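The next block holds one structure in the form of structure tokens; read it before the comments.
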Amino acid sequence: MSYFAGEFDVAVIGAGHAGCEAALASARLGVSTVVFATDLASVAMMPCNPNIGGTAKGHLVREIDALGGEMGINIDHTYIQSRMLNTSKGPAVHSLRAQADKRKYAERMKHVLETTDNLHLKQAEIIKVDIEDSKVKGVLTKNGAYYKVKAAILCTGVYLKSRIIIGDINYEGGPSGLAPANMLSQSLIESGIKITRFKTGTPARINRRTVDFSKMIEQKGDENIVPFSFMSENIEREQISCYLTYSGDETKKVVLENIDRSPLYNGSIKSVGPRYCPSFEDKIMRFPEKDKHQIFIEPEGENTEEMYVGGMSSSLPEDVQLKMLRSVPGLENAEMMRTAYAIEYDCIDPTQLELSLEFKDIDGLFSAGQMNGSSGYEEAGCQGLIAGINAALKLQGKEPLILKRSDAYIGVLIDDLVTKGTQEPYRMMTSRAEYRLLLRQDNADLRLTEMGHKIGLVKEDRYERFTKRKTAIEDEIERLKNIQITNKQEVNKFLEGLNSAGLKKPISLYELIKRPELNYFVVKDLDKDRAELPRDVQEQVNIISKYEGYIQKQLEQVEQFKKLENRLIPKEFDYKLVKGLRTEAIQKLDKIKPVNIGQASRISGVSPADISVLLIVLEQYNRNKGHKEEEF
């Protein structure tokens, strides 16, 4: 028996990293929003790794922040260590990574939700999304409360019909001992949504007091802290070290002797796990030539002795896990506080979604995060942000925010999921982005804050700070272009001291910086009138000047890319009427329903020849609009 419990514009189902960003975006855009969590103690919980960012993931966090999301600000307030990764490589792959105090991270995010206007946080399990005539009408809780809503966003994480697996033990359950959500999947299936099943896992947690750090390599945080959020300032604080050790022959021996007890290798686990975050036993079996593997020992917070054993995710039995741990240098006496486990869960085929993250066939139903087949807090957060924005924009009668592959890593991620689908938990990587020199983490605000302001999520204080930074960068670049460096003896002597050839004729300082051995910082002595600019402005000026030629080439590639993206395909276009398209192409195009030729060209099973046919036919179609039954 159900009862009417209230009415909201948007319901967000789940309050993990996707749900938090979705709910905040929706509410901040002025629509009444309710977010449901099965347990309010689990809001923004970090059930796996205790960090935010990393390679490519740091880019996503910067982009979330640039659009007006919360993740970057939240980690800046709660980090216990911060490092910029890949600094020996080019700026395109520099990625910020911060170790989080897991409890403080979750507590602060929950408080932000609780104190946001238009946002209501409730503890309840949603068992049904009420859909009538392919349109969302409401949601029903396990306790019988019915909420009338105009849009709903699925952010269920790994909780749908989740099953914990440890050796030959398996039981229904969610991460960190929380209950699974067993009833919602069936409701979605009954609404025509295709459900699949994925697997992920997490390592053991061990007691800090039982670790011998003297046998490990200490990894300290950076001395100069770079914040995730463009709004954060002066966030330096005392940091806590992480440690690196390695597995060895004994660890390998333990795994091989017990591989028949691994659910991955004895047939107990049939679902697909993440390729780029394999379990430890999977590493041993897939890379038999490797004698050792990195193991990272990471603190989970300031006020806990729990340490995360990074790189040692496992579904082996508890007794084997303990032997495995104690074979690692520094962990000979390790006490396991939490067991590693694998978890299987229901998720959707993301090709059922539009690029707005709304279901193609269900008006008002959106989906974000691990529900869409992705993995990771950052991948979840950025999808939640886009789904929340687009749910609000839809209800306001506005066009959705669609980020292109040339706009953001978020655009790459969503396009990959929606256009290609995924056969395994999808992880963001820099190699997935064709235009990664343009999509750097340092220029996320320059790429996206204007968009965030236009839709109303970026408020005036942030926008004012953004325009000030943008102007400072542009003015400094213009100034450098107007400074002429002459071929005086003292100038050439200075350059030779930097192993750079002397000048034969005058050159602008902007052009001089382009030399491989020089940069904006080392030529300071040639620039007597240089003002003291913020470090982030100086970094941006240096990157733009040094890489201008490469950046220009990528911009030209983007222009070519846009030509295909601008060739729109009408929603009503019938591929079955097109002569010359292969059967596989017709089936794939009909399923994905690409919005333009660019997206069509990225669909697996659609060849360049199919695209050529499609381009010719679309021109004819546009000339003869209205003749839908005509064959082409």
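Residue numbers in this text run from 1 along the chain shown.
Yeah, the Cβs are placed from backbone N, Cα and C, and that goes for glycine too.
Per Swiss-Prot, the features are:
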type	residues	note
BINDING	Gly14, Ala15, Gly16, His17, Ala18, Gly19	FAD binding site
BINDING	273-287	NAD(+) binding site
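Features recorded in Swiss-Prot, as mapped to the structure shown.
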residue	record	DSSP class
Gly14	FAD binding site	coil
Gly19	FAD binding site	helix
Gly273	NAD(+) binding site	coil
Glu281	NAD(+) binding site	helix
Phe287	NAD(+) binding site	coil
Under 8 Å by Cβ from Gly273 (NAD(+) binding site), same chain, sequence gap 6 or more:
Phe198, Lys199, Thr200, Gly201, Leu264, Ser279, Asp282, Ala342, Glu424, Pro425
With the FAD site defined by Gly14, Ala15, Gly16, His17, Ala18, Gly19, which remaining residues of that chain have Cβ atoms positioned within 8 Å of the Cβ centroid?
Val12, Cys20, Glu21, Ala22, Ala37, Ala44, Cys155, Gly157, Ala368, Gly369, Ala380, Gly384
Compared by Cα position, which of the binding-site residues Cys277, Met285, Phe287 is the closest one to Ala18 (FAD binding site)?
Cys277
Under 8 Å between C-beta atoms and at least six apart in sequence, can you list the same-chain neighbours of Gly19 (FAD binding site), or say none if there are none?
Val12, Ile13, Val35, Ala37, Ile153, Cys155, Gly157, Ala368, Gly369, Gly384
Any same-chain residues 6+ apart from Lys283 (NAD(+) binding site) with CB under 8 Å of its CB? Would you list them in sequence order, or say none?
Lys290, His293
Relative to the Cβ of Glu281 (NAD(+) binding site), which residues of the same chain, six or more apart in sequence, are found under 8 Å away?
Val255, Ile259, Ser262, Leu264, Tyr265, Ser314, Ser315, Leu316
Count the other Cβ atoms sitting within 10 Å of the Cβ of Ser279 (NAD(+) binding site), across every protein chain shown.
27
What does the structure give for the C-alpha distance between Gly16 (FAD binding site) and Cys277 (NAD(+) binding site)? Integer Å is fine.
20
Integer Cα-Cα distance in angstrom, Phe287 (NAD(+) binding site) to His17 (FAD binding site):
33
If you draw a 10 Å sphere on the Cβ of Arg275 (NAD(+) binding site), how many other Cβ atoms land inside?
14
How big is the gap, in Å, between the Cα of Gly14 (FAD binding site) and that of Cys277 (NAD(+) binding site), rounded to a whole number?
24
Can you check which residue among the binding-site residues Ala18, Met285 has the largest number of Cβ atoms within 10 Å of its own?
Ala18
Taking every protein chain shown into account, which of the binding-site residues Ala15, Cys277 has the largest tally of Cβ atoms within 10 Å of its Cβ?
Ala15
